[in-house]
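So that you can see what the record holds, here are the features copied from TrEMBL:
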type    : residues               : note
DOMAIN  : 6-120                  : domain 'Tetrahydrofolate dehydrogenase/cyclohydrolase catalytic'
DOMAIN  : 139-280                : domain 'Tetrahydrofolate dehydrogenase/cyclohydrolase NAD(P)-binding'
BINDING : Gly165, Arg166, Ser167 : NADP(+) binding site
Amino acid sequence: MVATIMSGKLLSDELNEEMKLEVIKLKEKNVTPGLVVVLVGEDSASQTYVRNKEKRANTLGIHSVVEKYPEKMTEMELLRVIDRLNKDDHFHGILVQLPLPKHIDSTKILNAIRPEKDVDGFHPINMGKLVIGQPERIPCTPYGIMKLLQRYEIDIEGKNAVVIGRSNIVGKPMAQLLLMKNATVTIAHSKTKNLAAVAKEADILIVAIGRGHMITKDFVKPGAVVIDVGMNRDENGKLIGDVKSDEVQEVAGHLTPVPKGVGPMTITMLMYQTIESAKELLN
Ligand SMILES: Nc1nc2c(c(=O)[nH]1)N[C@@H](CN(C=O)c1ccc(C(=O)N[C@@H](CCC(=O)O)C(=O)O)cc1)CN2
């Protein structure tokens, strides 16, 4: 068996065309969706992601501003920035690029964003709404994965889904979204006993561990759908996923590549939620 490759890049391109039309319609009603991205410090990967977000927003016709601040900025100063952006009607979405410098408590900062403008879906109100099955803003990576599963017509109801990783950004919201589609969901993590056996039960396996090539074919049930959220650098600096794709693709039914799998969908869903947030102005 050779797995079908689920291309986040292709789906992103399709959704971009739809979003461009949505933005044109909103502009005809005098609403220009606005996104502000706040970047603190000099992390080079973060700078790349922020640049990509800005580029994508511009392509779609979204008003996009990047506010850059020095590494030594204080928590209080950043809270004041958020307060100002919360009140600025030009912005329907506020995103604070993570990770923040260590001296700043990211939870405090994310909790200060107005939930309506929280296009990352990380605010406790938005997380809570997701948990009670009334989502309004959804973390972009798991949201993008759900769109990929839908696009590739993956049946979720009644399936065994195993999510490896329990972060607030990916693992927990991912499990919740799969549960909402009536999967039987297991969350596995670093303390899980016999991870390979647990993973091998999965019809849908979501891997967000952060360890390059850790998931070999021994973790995968034949025909399973395998979603690789990992973004790691190997010894040559090459981007690799958590899944050893060359051997897993011989066992899995579907597999997301790294790059061009889950990554592009994260940015796409950020744009999508910015547009949705702007649309709410019309209601
Ligand atoms: N506030 C947030 N911070 C961070 C998030 C987030 O969702 N919200 N996620 C990550 C970084 N990230 C977006 O911010 C992100 C990372 C990677 C990609 C992506 O498209 N990756 C490409 C490969 C890029 C490369 O070559 O390095 C791919 O997978 O094809 C998009 C978004 C942490 N911070």
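Any Cβ shown, glycine's included, is placed from N, Cα and C.
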- Message: Cβ within 8 angstroms of the Cβ centroid of Gly165, Arg166, Ser167: which residues besides those meet this for the NADP(+) site?
- Response: Val163, Ile164, Asn168, Ile169, Val170, Gly171, Lys172, Ile187, His189, Ala208
- Message: So if I measure Cβ to Cβ from Arg166 (NADP(+) binding site) and keep only same-chain residues at least 6 apart in sequence, which ones fall under 8 Å?
- Response: Lys172, Ile187, His189
- Message: At a 10 A cut-off on CB-CB distances, which of the binding-site residues Gly165, Ser167 has the highest count?
- Response: Gly165
- Local backbone state of Ser167 (NADP(+) binding site), from DSSP in three classes: coil
